[in-house]
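A.B. asks: Next up is a structure, given as structure tokens.
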Amino acid sequence: MAAQAEREHLITPALPANRSGYGTVEDARDAMSKFVVNNVAGESGRKLPQYIAGLAASGGALAAGTFLGWTAPTDKPLTVEGEYGFPVSDEQFSWVGSISNLGAALMCFPIGYMMKLIGRKWSMLAMVLPLVLGWLLIIFAENVAMLMVGRFFLGVGGGAFCVAAPTYTAEIAQPSIRGTLGTFFQLMVTVGILFVYAVGAGVDVQVLSIICGVIPLVFGAIFFFMPESPYYFVEKGRYSEAASSLKWLRGAQYDENAEIEDLKQADEKVKAEAIPMLVAFRQKATVRALAISLGLMFFQQLSGINAVIFYNSAIFASANGGKEMSSASIIVGGIQVVATLLASVVVDKVGRRILLLVSDLMMAVSTILLAVYFQLKQDDPAKVDDLSWLAVLAVCLFIAMFSIGYGPVPWLMVGELFANNVKAFASPVAGVFNWLLAFLVTKVFTNLKDAMGEAGVFWLFSGISLLGTVFVFLVVPETKGKSLNDIQRILAGEKLNADEPAGLPEPRDERDERPAQVA
């Protein structure tokens, strides 16, 4: 049953793509920005085609959001009401929900190779196949095994989109709108989750699954007509096709020659700076960046997000006099959408550490309130009759603070902490670790609840959140406004002078400053 919460794992992550010895997409964008930073005031070309291509690519995020949100409205119909005609126990449903995380973890490395081999566009179109196959298995499921295999395939396709779609969007967009296009992905994931909550409240499981299965087909039909990333063509030496792609994206009157030359330089830089994995992990800055990244992923997944999401329906029902509220999940989904939008606005203004500190501290406060609520309810249910509003407030506050801080910021910092020449293997390691933690927490939550009780689980999560706050305060550096070179110097233990230049030789792409939210 707790598996319904695994959707929180992705409010979407976008990992930097693995480029197998050639660096990462961030390498290209860092180099690209050198040209546009000096010419952004005179940036030419049409923006509308870029918005169209960006929105089309974000259709994959919508598809990912639907499979992430699917477990919430289907839990009770499958486990209690037996809607599919065969029994599904709570333990089996925990596998149905959590196994998609294993599918997503499996794709963290392969999708990078696919994007390098066949391109960003065709890699995303190829992911329509596992998504459709997964939904077909769920729609026509005759036993729990078919549900599990279907969910695994959905994880494969959805997890790949979380890497490929933001990469594609970052490569097709001009710097002046790259940040805006970068928010499309995370926003569409939360919209997809909210969509499933809303539709699932009014239809049965099979109809909901059919509707969800249509979405990747619509995505494929639309995205088929979008151009390939110009950087991919440059990487392959297909310069005429790169020019055609830029003409599509910037308009027929756009002079693409300067941008193609810059892309060539970026590609040469990526290849020149590539280093072996073993060499990379002997560097102090890389080791510290990996420790920080894995620590943030650990505290993100063990913050209590699964427990809070799992109990939101029960808490809302308690506030409604014991009656089930079909709108509970919809309210939570709406909070996620609004908070995600807010996060994309404030993260560049207030800084990463502040968001993480405030987010984790307030999540700890929220779970403490919930622990007290469930403890009182366990001792004497009559004691909480007048406190239901406080429990509902705690849930809403927790969801909002998670979505604005510990949801998106860890993924944002993964893109900022690693040097360009190690992101190819370091970033996917963080991604695999995160997805595996999501699987573990989702799978064992029911067993943990049975062993410790509801109050005990929330006391545990509040303690972990407080520990995470201390971790951020003592270990995590602020990266806002710092160049990639400055961040590497900080991680290596150097002190930056207050009057030192802000690292202009290595500007970062605007998208690296935006949250690609993966809870």
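One is the number of the first residue shown, and numbering goes on along the chain from there.
Using N, Cα and C of the backbone, Cβ positions are placed for all residues, glycine too.
The feature transmembrane segment is assigned by TrEMBL to 51-72, 92-115, 122-141, 147-168, 180-199, 205-226, 290-316, 328-347, 354-376, 388-412, 424-445, 457-476. According to TrEMBL, the feature domain 'Major facilitator superfamily (MFS) profile' maps to 53-480. Look at TrEMBL and you will find 498-519 tagged as region 'Disordered'. Residues or ranges marked as compositional bias 'Basic and acidic residues' by TrEMBL: 506-519.
Help me understand the surroundings of these features in the structure.
C.D. replies: Remote same-chain partners of the transmembrane segment (205-226), defined as residues 6 or more beyond its termini with a Cβ less than 8 Å from a stretch Cβ, comprise 52-53, 56-57, 59-60, 62-63, 66-67, 70, 73-74, 77-78, 83-84, 121, 124-125, 127-128, 131-132, 135-136, 138-139, 157, 192, 196, 199.
Distant neighbours of the transmembrane segment (354-376): 296, 299, 303-304, 307-308, 311, 315, 343, 346-347, 383-384, 387, 390-391, 393-395, 397-398, 401-402, 404-406, 409-410, 453-456, 458-459, 461-463, 465-466, 468-469, 472-473, 476; these residues of the same chain sit at least 6 beyond its ends, with a Cβ under 8 Å from one of its Cβ atoms.
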A.B. asks: Name the range, of those listed as 122-141, 147-168, 290-316, 328-347, that has the largest tally of Cβ pairs under 8 Å with the transmembrane segment (457-476).
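C.D. replies: Counting Cβ pairs under 8 Å, the winner is 290-316.
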A.B. asks: With a Cβ cut-off under 8 Å, give me the same-chain residues at least six positions beyond the ends of the transmembrane segment (51-72) that come close to it.
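C.D. replies: Residues packing against the transmembrane segment (51-72) from afar: 3-10, 12, 93, 96-97, 100, 124, 127, 131, 134, 151, 154-155, 157-159, 161-162, 164-165, 168-169, 172-173, 177, 181, 184-197, 200, 208-209, 212, 215-216, 218-219, 222-223, 226-227, 249, 309, 329, 333.
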A.B. asks: Please work out the mean pLDDT for the residues of the domain 'Major facilitator superfamily (MFS) profile' (53-480).
C.D. replies: 85
